[in-house]
Amino acid sequence: MAPPHSMAAASDRAGPGPDAGAGEPSLRLRRAPSADAGDSSGGRRENGDPLPPPNPQQQPEMLYFRASAPAHRRVKESPLSSDAIFRQSHAGLLNLCIVVLIAVNSRLIIENLMKYGLLIRAGFWFSTRSLGDWPLLMCCLTLPILPLVALVAEKLIRRKLIGEHVVILLHIIITTSVIVYPAVVILKCDSAVLSGFVLMFLASIMWMKLVSYAHTNYDIRVLSKSTEKGAAYGNYVDPENMKDPTIKSLLYFMLAPTLCYQPTYPRTTCIRKGWVIRQLVKCLIFTGLMGFIIEQYINPIVKNSKHPLKGNFLNAIERVLKLSVPTLYVWLCMFYCFFHLWLNILSELLRFGDREFYKDWWNAKTVEEYWRMWNMPVHKWIIRHIYFPCIRKGLSRGVAILISFLVSAVFHEICVAVPCHIFKFWAFFGIMFQIPLVFLTRYLQDKFQNIMVGNMIFWFFFSIVGQPMCVLLYYHDVMNRQAQASR
């Protein structure tokens, strides 16, 4: 059994807790020098005078831990009780879950490698078929011409060489070309699905950027004319963001990790080169992990499964559940690689200051909260250029939400269906299905007033049902299309 003074020291290292009374002595231990503590001077000062006896006022813990002192002073709850569980830190339990998760998955990986061997193909990262995708590469290299055309249109209207209706028409043509041009190239060429997806993803980003560029410059012109007429907007007008568009501001915007245009952005002071290198190494590691999970787990599962809408119902459920864990791991790795690592690397290289690319979406109580927090660049763009413009036009909040989801669903379908050469609208209906889930999870949250109910429903539809079902549907449709093309 430990001596009393060591138990007191162990207790005091944590400091006095919130339950200590106002009149209780401090628990912080300060040992006074004494002959009993191994003083080599034999209980005397250096000049030979004896040391004074211990003063109880200088050692309050000696009184606090006496046998007669009460050990139980207040009503207290157990840390895991329902009344106190959310006031405690559970970092240790989180660490335990991480350790158990690593141990369990390491065993499964080893078991899988022993049973099937390494299934990663030599051409996973690069194949000879990629050389046939040069039309897509040329399309990607020529797309930046369209933002330059948008800049020219803005310069012309600033100099009053064209009218407002003409510049609006030009921007409509430019933004439409950004989507139609890559889609036509992909559909005309028998390209790899991954190459087509990358091109459509970049084209969609450019489309949103150019819409923001046109809309923001239009709003700046409207505010400038109103200000000249004496209209007061107070703090809503920032002179720094009322500047004319320049080639420098356009190039920075097209490279910056944001979809919302403004002439100036908050900037950091320097570039941390060592930090950038560390993040790049992490990005490579997690990208390799995604490739390993896809090749070693997801591909064999989907190849050995039947079409979920044509086979046995129980068999389809078993395949979806079996696919749910690896697809969730891949999605989480993708989120970490893109939203945390890559966007922060790009921000650091460009000294872009606002790095709120996501919020704590994993704590979302409703589906609506998840869509507001998981992808902040797209959320800010939708709020700025779709939702509130609809509200200002007199539409109701519900109609504005419906239009926002409709735009999101269309672009999800374009980014997936065009590279796959399949238009079954699985991605479109998957996004539109989120609207009833928004109202369902909101109703359950209001009814039960429990953050866990809505959060569990969100995770169920997100990881157990949604993603695995989409993977199976599109995989089998792609395989059927390729089989029909080879006949």
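Heads up, the Cβ atoms here are built off N, Cα and C, so glycines get one too.
Annotation source TrEMBL lists active site at H412. Neighbours of H412 (active site), defined as other CB atoms within 10 A of its CB across all chains, total 18.
Feature annotation from TrEMBL assigns compositional bias 'Low complexity' to 8-23.
Feature annotation from TrEMBL assigns region 'Disordered' to 1-60.
Residues 296 of the same chain lie 6+ residues outside the transmembrane segment (91-110) yet bring a C-beta within less than 8 angstroms of a C-beta in it. If you look up TrEMBL, you'll see 91-110 (among others) marked as transmembrane segment.
Beyond the ends of the transmembrane segment (134-153), by six or more residues, the same chain brings 162, 167, 170-171, 174, 177-178, 181-182, 185-186, 188-189, 191, 195-196, 199, 202-203, 206, 209-210, 213-214, 245, 247, 250, 254 to within a C-beta distance below 8 angstroms of the stretch. Residues or ranges marked as transmembrane segment in TrEMBL: 134-153 (among others).
The list of residues near the transmembrane segment (165-186) in space but at least 6 beyond its ends in sequence, with Cβ under 8 angstroms from a Cβ of it, reads 135-136, 139-140, 143, 146, 149-150, 153-154, 156-157, 196, 199-200, 202-204, 206-207, 210-211, 214, 218, 414, 418-419, 421. What TrEMBL records for 165-186 (among others) is transmembrane segment.
Using a Cβ-Cβ cut-off under 8 Å and counting only residues 6 or more beyond its ends in the same chain, the transmembrane segment (192-211) has close neighbours at 127, 129-130, 133, 136, 139-140, 143, 146-147, 150, 171, 174-175, 178-179, 181-183, 185-186, 253-254, 259, 261, 378, 381, 385, 411, 414-416, 418-420, 478. Residues or ranges marked as transmembrane segment in TrEMBL: 192-211 (among others).
Taken from TrEMBL, the feature transmembrane segment covers 280-298 (among others).
The transmembrane segment annotation in TrEMBL covers 328-346 (among others).
Summarising the annotation, TrEMBL assigns transmembrane segment to 399-419 (among others). Here the transmembrane segment (399-419) has Cβ contacts under 8 Å with residues 179, 182-183, 186-187, 191, 193-197, 199-201, 204, 378, 382, 386-388, 390-391, 425-432, 434-435, 438, 474 of the same chain, all six or more residues outside its ends.
Annotation comment: TrEMBL describes 425-444 (among others) as transmembrane segment.
As annotated by TrEMBL, transmembrane segment applies to 456-475 (among others).
Contact count against the transmembrane segment (425-444) (Cβ pairs under 8 Å) is highest for 456-475, out of 280-298, 328-346, 456-475. A Cβ distance under 8 Å defines the sequence-distant neighbours of the transmembrane segment (456-475), meaning residues of its chain 6+ beyond its ends; these are 298, 302, 305, 307-309, 316, 319-321, 323-324, 327-328, 331, 364-367, 370, 416, 420, 422, 424, 426-427, 430, 437, 440-441, 444.
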